[in-house]
């Protein structure tokens with residue numbers, strides 16, 4: 001069964017203080033990918049064991065990249081919310097909606113993840129802009145194998161759906 | 001900004017506008033003393049995880065820039081004790097923007113003979129009743145007349161109703177379903193639930209999560225379906241359809257012989273009339289359907305034609321679940337707010353700006369916007385979709401508002417000499433509030449705590465008040 005916890009796994013409260021607030025977004029949300037990025041530097045001490053943090057990069061709807069240092073076990077929804085990225089998680093991470101839909105950019109990375117359970121697939125079936133490498137952020141937990149993971153947040157424009165206006 | 005309606009569409013619009021427009025103040029009007037609309041009164045009690053979005057709404061509700069005005073009806077006269085009625089023009093005079101997010105408060109009817117017989121309910125009233133909606137507190141559905149229930153319509157609401165009828169009542173006891181509903185359900189004699197649709201499985205409105213749940217119900221069996229309506233090679237179907245068809249073909253692990261209750265998905269049947277019960281002519285006894293033929297069985301857009309062949313399904317109780325319907329607010333026609341009666345929506349540009357098409361002087365069709373008027377949710381796009389779709393849709397409306405505000409587009413009351421966009425503070429001085437008992441956010445929180453306390457005593461998350469008077473009594 002999917003976890004329904006809202007707590008931030010291994011992410012310590014210190015990470016909250018480094019939430020990417022609006023002014024920060026202007027400076028660090030560019031396409032910086034080097035680990036020297038200001039944001040990731042700040043976040044790194046939050047990892048449980050220095051030197052063992054993992055990195056995940058979110059590409060938001062505007063195409064901006066956010067590289068974030070995280071701990072093993074953290075799920076993508078909690079990470080995104082702790083960094084004020086636009087990911088809703090309407091059901092609180094209990095695999096009962098599709099609002100934390102992410103697209104894994106690398107097929108190889110997608111294959112390294114444990115296969116989605118039926119209930120995750122059931123929700124993905126209803127997601128807008130479903131792809132072959134779509135997952136629910138709340139169900140993807142960071143592991144060493146997933147270090148360097150890159151995911152894209154799908155744009156959710158309903159008004160492009162012609163079927164809505166029949 | 002004023003938001004009319006406090007369901008997910010209203011809250012998600014408010015949330016997004018407050019985060020996109022600096023200093024935005026939002027007043028939310030709700031005709032009941034309690035917020036959250038269909039999250040509270042629609043979402044099935046055994047789907048508590050779906051209600052987790054309330055956490056976000058609680059956050060919005062507690063914001064200093066947000067005011068909840070509960071027990072206040074816009075347009076039509078309030079039917080609740082202490083309820084205040086605010087004419088729409090009064091509201092419009094006091095805001096820069098007004099968002100209609102009041103949802104779909106009616107249901108569609110079949111318009112066939114016998115629909116008035118006893119024992120025929122709309123799914124909307126039944127769902128409202130078990131979820132504690134005050135309007136239907138006195139519904140008292142009778143589930144003791146026989147063993148066959150017929151659900152007309154195959155959407156997820158129909159599956160919610162079916163689950164309530166099939167599920168072991170003891171499994172529901174821990175949910176926030178009302179004690180009154182538990183009592184009625186525990187006396188239910190229903191053993192077979194027929195979920196009937198005009199079209200086939202490839203066209204059905206239900207979604208896979210709800211079907212999977214039904215298949216997994218302990219001691220409940222799924223009766224096999226007409227497989228000729230499913231393509232031979234389901235593997236070739238698009239992902240979502242393939243998975244749904246596979247689960248229908250696989251059926252339930254519980255066999256009909258060993259089950260205590262069972263359910264059917266009856267396809268290609270169109271309701272023609274209701275026959276009365278031979279023992280009690282005032283009560284429904286069976287439903288007569290005409291078999292239909294699909295124009296193309298595997299095409300999701302297939303339409304049907306009648307074959308003339310009639311089928312009779314015994315019906316101890318019937319639930320009509322063919323969709324909800326929005327209605328215009330009192331005052332729309334005077335103000336010229338365009339309402340599309342056929343689709344049951346406020347006319348809008350798809351992003352939530354209220355607009356209407358009109359002929360210009362030279363005879364061409366043009367579009368004109370109503371500055372400052374927006375809509376979101378079911379009254380914007382029609383009564384379909386889950387909370388995720390309502391959220392996306394509400395965000396689109398909020399983004400349109402934020403865009404228009406930043407672009408200095410015209411809003412309400414631009415021309416008035418003394419611009420009085422002072423919101424609820426001004427509105428309350430302009431309405432007849434002699435007997436009014438407005439419920440503020442902190443007061444809702446008191447009701448919320450009282451409900452949770454009542455729930456604790458019976459081992460549930462909450463025990464809702466089903467009468468507005470009882471909700472208000474907590475506050476006195």
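From the backbone N, Cα and C atoms, a Cβ is placed for every residue, glycine too.
Bear in mind that the values here come from a model prediction, so they are computed numbers and not experimental data.
The candidate list B:167, B:210, B:213 contains one residue that TrEMBL assigns to the NADP(+) site with B:154, B:155, B:156, B:157, B:198, B:199, B:385, namely B:210. Record note: TrEMBL gives B:30, B:38, B:74, B:378, B:385, B:386, B:387 as FAD-binding, and the candidate from B:9, B:97, B:358, B:409 in that site is B:9. Rounded to the nearest whole angstrom, the C-alpha distance between residue B:30 (FAD binding site) and residue B:157 (NADP(+) binding site) is 23.
Spanning the residues B:9, B:30, B:38, B:74, B:378, B:385, B:386, B:387 that the record associates with binding FAD, the maximal Cα-Cα distance equals 26 Å.
The sparsest Cβ neighbourhood within 10 Å, among the listed binding-site residues (B:9, B:74, B:157, B:386, B:387), is found at B:386. Looking only at the binding-site residues B:154, B:157, B:199, B:210, the one with its C-alpha closest to residue B:38 (FAD binding site) is B:157.
According to its DSSP assignment, residue B:199 (NADP(+) binding site) is coil. DSSP classifies residue B:30 (FAD binding site) as strand under the three-state reduction. Those binding-site residues from B:38, B:154, B:385 lying by chain A, with Cβ under 8 Å from one of its Cβ atoms: none.
Shown are the binding-site residues B:30, B:210; the one with the most C-beta atoms within 10 angstroms of its own C-beta is B:30.
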